[in-house]
Amino acid sequence: MRCTVGVIAVGFVSPVAAQQTKAVEQMAQSVGVIGLFFFTALSYFIVAGWVALMTALLPDWVRQKADTVQRRQLTAFGVGLAVVLAVTVSAALLGQAGKAFPPLGILAVVSVLVLLTLWATGWVAVVWLVGQRVAAVSGWELPPFTAALLGALVLHLAVGMPVAGWAIGLYWAFVAVGAWFIR
């Protein structure tokens, strides 16, 4: 049946394609590059806005979590990895069970949203710490707000690096989640 539908579809499309008199215009390659640039810039501004809001509203909390990340970074990574794996597996199982009992599907969605919230709030402390480290290496004295924005920019650009960028982002994302569970 599928083969028949495919043959019929090709039969209708082929004559139309053969009757075109002018050449098919290729979309400029620069359009994709421009779109990627705007996506990257927009996503940085979204992250920078979130970091600025959290740093301005909760500076003591950000400093405390950044200190925790600095002191126990590998522990935060391990705990974050365990939490992400546990939530991912439980969300998958709850999602499958949600087909038979819909409230379990809702619970799966809520658990993923909680995980994303943990990441987004922990990310603020991570970028603040990275910004402080970059400023220290450069010999700059930056206020916490500016250091957080610098850290967000550095990590955002590092994640875009070919080959290894995803690993940098994933490592710091696990650290951001794990920072919630460590004192």
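Cβ atoms here come from the backbone N, Cα and C positions, even for glycine.
Automatic prediction, not curation, is the source of TrEMBL annotations.
Counting residues 6+ beyond its ends, the transmembrane segment (34-62) has Cβ neighbours under 8 Å at 120-121, 123-125, 127-128, 144-145, 148-149, 151-153, 156, 160 in the same chain. The annotation transmembrane segment is assigned in TrEMBL to 34-62 (among others).
Per TrEMBL, transmembrane segment is recorded for 74-94 (among others).
Feature annotation from TrEMBL assigns transmembrane segment to 106-130 (among others).
Within the chain carrying the transmembrane segment (142-159), a Cβ under 8 angstroms from the stretch's Cβ atoms is held by residues 40, 43-44, 47-48, 51-52, 55-56, 59, 62-63, 124, 126-135, 165-166, 168-169, 172, all 6 or more beyond its ends. What TrEMBL lists as transmembrane segment is 142-159 (among others).
Long-range contacts of the transmembrane segment (165-182) within the same chain, counting only residues at least 6 positions beyond its ends with a Cβ under 8 Å from a Cβ of the stretch, are 65, 68-69, 72-73, 75-81, 83-84, 115, 118-119, 121-123, 125-126, 130, 155, 158-159. Summarising the annotation, TrEMBL assigns transmembrane segment to 165-182 (among others).
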